[in-house]
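Features as listed in TrEMBL:
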BINDING   80-85, 114-118, 138-139, LYS151, LYS160, 178-181  NAD(+) binding site
BINDING   GLU193, HIS256, HIS273  Zn(2+) binding site
DOMAIN    76-188  domain '3-dehydroquinate synthase N-terminal'
DOMAIN    190-337  domain '3-dehydroquinate synthase C-terminal'
Amino acid sequence: MHRDLSLLGVEQVVIDLGDRSYCIDIAAGLLDRADAFSGLPSASAAMIVTNETVAPIYLERLRGSLAPHYRTVLHVVLPDGESFKTWDTLNLIFDALLGAACDRKTVLFALGGGVVGDVTGFAAAAFMRGVPFVQVPTTLLAQVDSSVGGKTAINHPLGKNMIGAFYQPQRVLCDLATLDTLPERELSAGLAEVIKYGPIADMAFLDWIERNMGALRKRDPQALAHAVKRSCQIKAEVVGQDERESGLRAILNFGHTFGHAIEAGMGYGAWLHGEAVGCGMVMATRLSARMGLVDNAFVERIKAVVEAAGLPVHAPVLDGADNVGRYLSLMKLDKKSEAGEIRFVLVDGSGRALMKGAPDAVVGEVIVESCVA
Ligand SMILES: NC(=O)c1ccc[n+]([C@@H]2O[C@H](COP(=O)([O-])OP(=O)(O)OC[C@H]3O[C@@H](n4cnc5c(N)ncnc54)[C@H](O)[C@@H]3O)[C@@H](O)[C@H]2O)c1
Ligand SMILES: O=C(O)C(=O)C[C@@H](O)[C@H](O)[C@H](O)COP(=O)(O)O
Ligand SMILES: [Zn+2]
């Protein structure tokens, strides 16, 4: 699992999960380096899964680097967007695999953002009851979060990521140079998940993000490299202790209880995942304040850093007639809910997060305040 790429300028973060351990390799230009793809499970065929936006930019380059390792390099191009994180899209992958008579050793390569990564991972978990897969994330969000940790899923109209599996990749290859072509709105969306790691785990990292927000938004290579590496280190530390979210891992869901309600309530794709999480973190911090865990200055701090990332901080109205009711009913379906009680990830202002229920009335006040503030 530990390949010596250190001389070649590749940063490595290890996800320590016993026999499911793997490396996250981080460097600019990895996509074009065949040596970065050595040491993976042997197979006669590889299948690159990507989408119609990413394929024209990166598909042939990845194919070139895989060619020395596999007799056949196949590909399937999915439609682009959160609204396509569905059964139908999943089936396109199975159609391609079966249509090419792929066997159970075939290695899937997820080339793209979090949507491609989540759908490909789920396909890998299910095809012939499990084939190896590799994450090649090309968005900031995917490099700092979604490619790492083995959560794979598709959406249901009633809730985000409701159908899926925990299934770890064999490796994650973050080519920082792919971030050069990312639209600005997507870069901001990725910054939401970077910001998340500060209040839940590392206040010094939050300080660093605040100081370096300008550099990050200008895509300064060193700033982005640090943001990706530190985010992956924090996620590796959490996932290494609680792979299947029996407790600690839920802290990675900070901002997501409100955020997922926004995504589902607005219709998948209207708000980007990172935008909903950014706004959701402001709402969860407001709730933390109402539960006596942080002061208003901390709420303003989180709001300011989310806004500085270019993300929305005003929550959308999901239902003009009963907005609070609509938020609450969507959030009651959240995967962290227990016996119908919503459990929120709250923060205490010192770099720690905790899970807590809250009275509907208090949550309602936060929703009202966030939709007009
Ligand atoms: N599994 C997890 O742990 C986890 C964690 C966080 C988010 N997610 C999921 O990830 C998804 C969001 O991921 P995302 O923000 O990457 O969105 P995305 O996958 O939709 O990608 C964003 C957009 O950027 C395009 N794109 C990708 N790479 C590009 C590049 N290098 N240059 C130009 N365009 C590029 C994509 O085609 C898409 O249009 C959500 O579905 C979310 O639920 C999963
Ligand atoms: O890896 C995790 O654990 C996370 O919660 C990371 C989140 O950023 C991500 O959006 C995840 O997909 C949400 O998980 P879910 O279990 O709430 O669907
Ligand atoms: Zn997320």
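Just so you know, glycine gets a Cβ as well, placed from its N, Cα and C.
Keep in mind that this is a model prediction, so the values were computed, not measured.
For the recorded site, GLY117 (NAD(+) binding site), the DSSP three-state label reads helix.
A count of other CB atoms within 10 A of each Cβ picks out GLU193 as the most crowded of the binding-site residues ASP80, GLU193.
Among the binding-site residues ASP80, SER83, HIS256, HIS273, the residues whose Cβ lies under 6 Å from any atom of ligand 1 are, in sequence order, ASP80, HIS273. With the fewest other C-beta atoms within 10 Å around its C-beta, THR181 stands out among the binding-site residues THR139, THR181. Same-chain residues that are not part of GLU193, HIS256, HIS273 yet have a Cβ within 8 Å of the Cβ center of the Zn(2+) site turn out to be LEU141, ASP145, ALA192, LYS196, GLY255, GLY259, GLY274, ALA276, VAL277, GLY280. All chains included, 26 other C-beta atoms sit within 10 angstroms of the C-beta of GLY114 (NAD(+) binding site).
Counting residue by residue with DSSP, the domain '3-dehydroquinate synthase C-terminal' (190-337) contains 106 helix, 0 strand, 42 coil.
For SER83 (NAD(+) binding site), the nearest neighbour among the binding-site residues GLU193, HIS256, HIS273, judged by Cα separation, is HIS273. Between the C-alpha atoms of GLU193 (Zn(2+) binding site) and GLY117 (NAD(+) binding site), the distance comes to 16 Å. Across all of the domain '3-dehydroquinate synthase C-terminal' (190-337), the predicted model scores a mean pLDDT of 98.
Among the binding-site residues SER83, GLY114, THR139, THR178, HIS256, the residues whose Cβ lies under 6 Å from any atom of ligand 2 are, in sequence order, HIS256.
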